[in-house]
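Peer 1: Annotations per TrEMBL:
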- 25-46: transmembrane segment (TRANSMEM)
- 52-74: transmembrane segment (TRANSMEM)
- 94-112: transmembrane segment (TRANSMEM)
- 124-152: transmembrane segment (TRANSMEM)
- 188-206: transmembrane segment (TRANSMEM)
- 226-251: transmembrane segment (TRANSMEM)
- 286-305: transmembrane segment (TRANSMEM)
- 325-346: transmembrane segment (TRANSMEM)
- 358-379: transmembrane segment (TRANSMEM)
- 391-411: transmembrane segment (TRANSMEM)
- 418-437: transmembrane segment (TRANSMEM)
Amino acid sequence: MSGDVSDNASLAAEIDPLNEDANEVPALAVLAVHFQEILAVILWTLAADVLIFRSLGYSGPAVFFALVPIIFCVNRFRNRSAEVGPTEASGHRLAIAVLSGLLLCVAMRLLWLGSAMTVCSGAVLVVGLAMAASGVMPFVLEGIAFASRLLFDGLVRLRQYRLPRRGGNPSGDHQSEVAAGTSARSPWTWLLPIILGTIFASLFVMANPDLRGMVGEQFSKTWKRILTWASMTSPWELPFCVLALVIGAGLMRPRSGFTQFGKEEVIEAEPNGTTASLLPAFRNTLILLIGLFCVYLSFEFSTLWRSEFPEGFYYAGYAHQGAAWLTIALAVATVLLSVIFSGEVLQDSRVNRLRTLAWVWSVLNLLLAMAVYNRLLIYVGYNGMTRMRTVGFFGITVVVIGFLLVLYKIAKHRSFWWLVRAQLIALVLTIVSYSLFPVDYVAHRYNAAKVATGYLHPSVMIAVKPIDNEGMLNLFRLVDHPDPIIREGVKARLANRLEEIRKQRNRNPNHWTAFQAAENRLLKKLEAHKSVLQPYLGKPNARNDAGAVFTDYAMQWY
């Protein structure tokens, strides 16, 4: 069901007679168009054009995401902060600070080594920042609803961007004037100083020949740059800019009401004599599960918590597939606890005894989570780290966070909708964190370190898995490895990457938006080791042969 975001639904209905649904509160009580808002939308559109559409790599979007919080500051976060209490306003400011910090992290990651996933994370954070700036907490379901109507909100808002009538309000309608509570100043307030200042500055320049020549030369250079820039225009650029303009207007000042899914945050949980018919069944279920978990965890800890495993141990079955099944078990336990402690069970006088059983079972579930981590570490210890194993660590972590949120819900009497919001936020933040995490660097730093010490099993991940530029930085320690097959295979991979970077830079112009710090650092190291890689440079057949031999050799540890 949908509820109010604030307590001003009646006021909103008076402000906006076209708003038929009183449960939806406009994101703005003040609908007047301000110069700061127009400036912010223009800056957004220009930044999107120059830093996204015209970008040749990920550094353009990096600068764009770094500028987004500044653009919102230009807009002065004017939206609904005046309508909420000090506690809620403090929460909004905290959300703005956190989201702005995450956007800076996205920008730094894109400058170092960009990816489409990181760009998508940045877009999600921008939507959240727009919601927080509008005085609404950036919950996930509400964010999806907000993003789905951005184009509509932007078009509605752009319709109000007009020069005001003298003595009229900035948006040109009585509705905005009532909401703003004041009439706007004439545009001549700021146009006249600019016009007259330009006229007198031009006269002063014309009165000085040297200054006139210098200004004329600079004007000519600037005009040539504008013409050069315009000559690169694509037929798709104008539609892109129009789309960016509409989205920017929708983000800076959402016109429609925000719908909040689920109204209650805290639920009444005091026993009132209610008898829950399912409470005995839940109690017996928890007792059974506690016994089952104790038996299974005893088996798990006695068989898999060891440093050595017998020859022929099925690592994939126990550490990979088994960890996935245990993660599912933990997720099912999370759902079960949430279902048990809801509805009439919370009003039953026997709920405290049920809660005690739940705490005992929760401890066993946390031990089960430790067992999952242990299984993943067994697999990593056998033949190294990979991207999918990193996903496994992130996956079990978000499941554990979800389980802890359920325990918090039970202890603090939070509602079902509070739990849904909290778990969705945890999921989104985990995905964003993964997009910022240097996966290949961490994975192959571990793999290369193990191989360098003489444990060769992780070499299979170096041989067969794709490795990005930051992961390649860790392979130089293996170019003098005592095993000739591993040594030559690593040299072949490094030489192949050097050839790829050279070809890519020859094809694409050296534009600043294509800059990637990880690639630059790797290229410098590759050039420094060029003499070591010389047997494979310019010799694709030699590289392929060495790589094939390395792969065949390492597959014995897959």
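Cβ atoms are placed via backbone N, Cα and C, with glycine included.
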Peer 1: Give residue numbers and ranges for long-range contacts of the transmembrane segment (188-206): same chain, 6 or more residues beyond its ends, CB-CB under 8 A.
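Peer 2: Non-local partners: 35, 212, 215.
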Peer 1: Would you say the transmembrane segment (418-437) and the transmembrane segment (94-112) are touching, if the rule is that at least three C-beta pairs must lie under 8 angstroms and be 6 or more residues apart?
Peer 2: yes
Peer 1: How about long-range neighbours of the transmembrane segment (358-379): same chain, 6 or more residues beyond its ends, C-beta under 8 Å?
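Peer 2: Answer is 286, 289-290, 293-294, 297, 300-301, 304-305, 309, 315-316, 318-320, 322-323, 326-327, 329-330, 333, 337, 340-341, 389, 392-393, 396, 399-400, 403, 407, 410.
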Peer 1: Hey, which bits of the same chain come close to the transmembrane segment (418-437), Cβ under 8 Å, at least six residues off its ends?
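Peer 2: Counting only partners 6 or more residues beyond its ends, the transmembrane segment (418-437) has Cβ contacts under 8 Å with 102, 105-106, 109, 115, 117-118, 120-121, 124-125, 139-141, 261-262, 264-266, 338, 390-391, 394, 397-398, 401-402, 405-406, 409.
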Peer 1: What residues elsewhere in the chain lie close to the transmembrane segment (391-411), defined as a C-beta under 8 angstroms and at least 6 residues from its ends?
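Peer 2: The answer is 323-324, 327, 330-331, 333-334, 337-338, 341, 355, 358, 362, 365-366, 369, 372-373, 376, 418-419, 422-423, 426-427, 430, 433-434, 437.
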